[in-house]
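*Asks:* Checked TrEMBL, it gives:
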- 7-189: domain 'Glucose-6-phosphate dehydrogenase NAD-binding' (DOMAIN)
- GLY10, ALA11, THR12, GLY13, ASP14, LEU15, ALA16, LYS17, ARG44, ASP87, VAL88, LYS150: NADP(+) binding site (BINDING)
- HIS180, LYS184, GLU218, ASP237, LYS342, LYS347: substrate binding site (BINDING)
- 192-484: domain 'Glucose-6-phosphate dehydrogenase C-terminal' (DOMAIN)
- HIS242: active site, proton acceptor (ACT_SITE)
Amino acid sequence: MDSMTFVLFGATGDLAKRKIYPALFNLYLDNKLPDSFLIIGVGRGELSDDDFQIRIKESLLTFSRHVVDEKHHIEEFIKLCRYNRLDVTNGEDYKNLLDVIQQNEKDREIKENRMFYLSVAPEFFDMIASNIKESGLSSTNGCKRLMIEKPFGHDLKSSQHLNEKLSNAFEEDEIYRIDHYLGKPMVQNLEALGFANPILQALWNNQHIANVQITASETVGVEARAGYYDKAGAIRDMVQNHMLQLLMMTAMHLPTQISTTDIRSEKIKVMESLRPLKKEEVVDHVVRGQYGPGEIQGSGVIGYNKEPGVATSSKNDTFVATRVWIDNDFWQGVPFYIRTGKRMNEKFTKIVIEFKNPLKDLYRNDNQNAAPNLLVINVSPYEGVSMQLNSKNPQNGNLEPIVVDFSSSGKDVPEAYELLIFDALRGDSTFFAHWKEVELSWQWVQPILEAFEEDILPLHLYPSGSMGPDPSNQLLKVDGFKWW
Ligand code: NAD
């Protein structure tokens, strides 16, 4: 891999500490960083290189996936890290940064390949991109790349505006929009699952699949993020990005040759085939909920509108369930159900594919029903695939569902940020969101945002520790299904 300077904006922030340094360190241990590599952390406060390196060390000792037996690896790694004070609103500071980078490129014989990672508040994204351009930071003889965190806009218009600004400084193929769900190993495995298994490939369509259910549930509440979350809600925080990405990854039909362009264009085709919702129809296809008080793992918790920083009158959504139709030849007539919420009774992300069940009535015997075949893709916290089949219990002769299970988990599985940063370093944008995917997602979600804003559908309270409000079950029940 070519030498590179990795410039991290937001180097003293929470995400850098919990995810980005540990990911870079694990890549270092696995020999997956370029031979000549320098990390320049950029932050607003004054900090010496030594202090910066001590912070990184602490973050690695707390959050690194690999158990570090030999502390000397940490010492070696932190020598790759320098700090540079910069106020993102001050144009002059970027020129100083350029001097520092050029000097280091010279001293360490690093080619002018520069990665800019924006791990700062989203209101700074466009300003930083323009300053990178104006200061000359992006005028390189090598490559220049921009990695950018979510949220990418807060509605269709603002995302288009942001994209326009970024496009003035970077080409589309230089922009790596992070959706960390795309970095999860099981999500990256979806293409292989569908493609390397002829039995699944043959069944991956509306002739055999009855419905698809995608759930991402959390047990935590809003925590200390009310300032952001109360304006975003589950619809912006989860549905517009992560849930629709999971849907695209599940529903795409890959041509035989798998390339970045193929994958991205198939995902875009899925988004183009999503049946648009009109604002007036939202009430029939979307359930909006907010957690009330309840119990999580035996402890009492307060309701959302009593959380610090949340107004008692808040109508923010902490739960969204929706029915989505994909109007193309593969999926016509197959409902996709999406569900996500906070303060639910369990934390998991999984995709359940329920197969059609023509034998259901044939096999009726002593009230026995053949259960539908299910393919369950567990994304987190456990990674794995399981298949529910029907089998006769030899003891009583009853037909019973059995589960064939493959799971992998543990410290050997790389974290999402590791996989994503590695891909970006070598210029592979397969598992990053293309602008078109982001724009089509906002476009699909926009009428829902407006319906929520205008309060034209009910906000259902659900007890903390449940799986959301009952109308979410009704959403499936009217179609003859249930959540698995
Ligand atoms: P944070 O508030 O902890 O850190 C923000 C960083 O920005 C700090 O290093 C701060 O020094 C820097 N900063 C603020 N104002 C500045 C200025 N004027 N000049 C220079 N630097 C300035 O935020 P975070 O939680 O690390 O999140 C960073 C980004 O990642 C955000 O876009 C957030 O939406 C996104 N994100 C965070 C998480 C998470 O789990 N924390 C998850 C997903 C996405």
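Keep in mind that glycine also has a Cβ here, set from the backbone N, Cα and C atoms.
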*Asks:* Measuring Cα to Cα, tell me the gap between ASP14 (NADP(+) binding site) and ASP237 (substrate binding site) in whole angstrom.
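*Replies:* Between the Cα atoms of ASP14 (NADP(+) binding site) and ASP237 (substrate binding site), the distance comes to 18 Å.
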*Asks:* Rank the binding-site residues HIS180, LYS347 by the number of other Cβ atoms within 10 Å of each Cβ and report the first-ranked residue.
*Replies:* HIS180
*Asks:* Quick test of your reading of the structure: among the binding-site residues ARG44, LYS184, LYS347, whose CB sits under 6 A from ligand 1?
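*Replies:* Near the molecule: ARG44.
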*Asks:* Between the two most separated Cα atoms in GLY10, ALA11, THR12, GLY13, ASP14, LEU15, ALA16, LYS17, ARG44, ASP87, VAL88, LYS150, the residues recorded as binding NADP(+), what distance in Å do you get?
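*Replies:* Answer in Å: the longest Cα-Cα distance is 21.
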*Asks:* Do me a favour and check the Cα-Cα span between ARG44 (NADP(+) binding site) and ASP237 (substrate binding site); whole Å is fine.
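*Replies:* ARG44 (NADP(+) binding site) to ASP237 (substrate binding site), Cα-Cα distance: 26 Å.
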*Asks:* To the nearest whole angstrom, what is the C-alpha distance linking ALA16 (NADP(+) binding site) and ASP237 (substrate binding site)?
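*Replies:* So the alpha carbons of ALA16 (NADP(+) binding site) and ASP237 (substrate binding site) sit roughly 19 Å from each other.
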*Asks:* Sorry to bug you, but what's the C-alpha spacing from GLY10 (NADP(+) binding site) to LYS342 (substrate binding site), rounded to the closest Å?
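*Replies:* Spelling it out, the Cα of LYS342 (substrate binding site) and the Cα of GLY10 (NADP(+) binding site) are 27 Å apart.
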*Asks:* Could you check the binding-site residues ASP14, GLU218, ASP237 and say which one's CB has the fewest neighbouring CB atoms inside 10 Å?
*Replies:* ASP14
*Asks:* Express the distance between the Cα positions of GLU218 (substrate binding site) and the residue listed as 'active site, proton acceptor' as a whole number of Å.
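*Replies:* Cα-Cα, rounded: 14 Å.
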*Asks:* Would you report the average pLDDT that the model assigns to the domain 'Glucose-6-phosphate dehydrogenase C-terminal' (192-484)?
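*Replies:* Looking only at the domain 'Glucose-6-phosphate dehydrogenase C-terminal' (192-484), pLDDT averages out to 92.
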*Asks:* In whole Å, how far does the CA atom of LYS184 (substrate binding site) lie from that of HIS242 (active site, proton acceptor)?
*Replies:* 11
*Asks:* If you count, for each of the recorded positions ARG44, LYS184, HIS242, LYS342, the other Cβ atoms lying within 10 Å of its Cβ, which residue has the minimum?
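*Replies:* If we count Cβ atoms within 10 Å for the recorded positions ARG44, LYS184, HIS242, LYS342, the smallest count is at ARG44.
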